[in-house]
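Pulled from Swiss-Prot:
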- Thr79, Asp100, Asp128, Ala129: S-adenosyl-L-methionine binding site (BINDING)
- 1-12: compositional bias 'Basic and acidic residues' (COMPBIAS)
- 1-23: region 'Disordered' (REGION)
Amino acid sequence: MNDQRKGDHAEPTTHFGYQDVPESQKAKKVAEVFHSVAAKYDLMNDVLSGGMHRLWKRFTIELSGVRSGNRVLDIAGGTGDLAAKFSRLVGPTGQVVLADINDSMLKVGRDRLLDRGVAGNIEFVQADAEKLPFPDNHFDCVTIAFGLRNVTHKDEAIRSMLRVLKPGGRLLILEFSKPTNKLMSRAYDAYSFAFMPLAGKLITNDAESYRYLAESIRMHPDQETLKSMMVEAGFDRVTYHNMTSGIVAVHRGIKP
């Protein structure tokens, strides 16, 4: 556990990047980051990943097994990359719910998908991953891409995702993870703490938000730890696939 107590009555703390902050403040601080970067979020994704994020998301969709008529929940769906693709897969008899806790990101996603004409079977919901406002056993598939590391209580969020899935439903977590070799790890550290804040400054005039994002990646559970968290929450057949030498991993679990 990342939480620390400084006294019997002190508020628990958690990490915000490399800082320890009161739990009640983390969501506010994360919200400020995404309010700041929402307008140019897609551009920054392309710049920072060299377009690789599109391949990572495509592989996640292939693993999802989503088909016509399914009901899909995309948590931290932001600007709608996954939701747009799921919309086409589920077709007119299916439904996609794009959920995000951040209203700025949700607005960008809604506007973008409406402009593209692909929002007919997509519902937009402002929601907290830890307390999903949906019925039990409701979705065939739940996804969260590059969002779990920003959640304060990750274990609660994973249990919430389990609750809203139908038996046999799939959870897919796409997230930055731990590189699998030392050379890649050193290169990735240099890239993250030098280039990412610089690009953030040049493109969004916000170096600090991208410094936080780099730090948040380092504080996120590694591949095996996240797998164990999913098993502990109640998922079966939990597996993960490393991509780009473990810089990114996608975890998949099935609700019994």
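Glycine is no exception: its Cβ is also placed from the backbone N, Cα and C atoms.
Note that the coordinates shown come from a computational prediction; the quantities given were computed from them, not determined experimentally.
As a whole number, the greatest separation of Cα atoms within the S-adenosyl-L-methionine-binding residue list Thr79, Asp100, Asp128, Ala129 is 17 Å. Under the DSSP three-state reduction, Asp100 (S-adenosyl-L-methionine binding site) is assigned to strand. According to DSSP, Asp128 (S-adenosyl-L-methionine binding site) sits in a coil region rather than a helix or strand. Local packing around the binding-site residues Asp100, Asp128 was summarised as the count of other Cβ atoms within 10 Å of each Cβ; on this measure the leading residue is Asp100.
Cβ neighbours of Thr79 (S-adenosyl-L-methionine binding site) (same chain, under 8 Å, six or more residues apart in sequence): Ala38, Tyr41, Asp42, Met105, Val108, Gly109, Arg112. Counting Cβ atoms from all protein chains shown, Ala129 (S-adenosyl-L-methionine binding site) has 24 others lying within 10 Å of its own Cβ.
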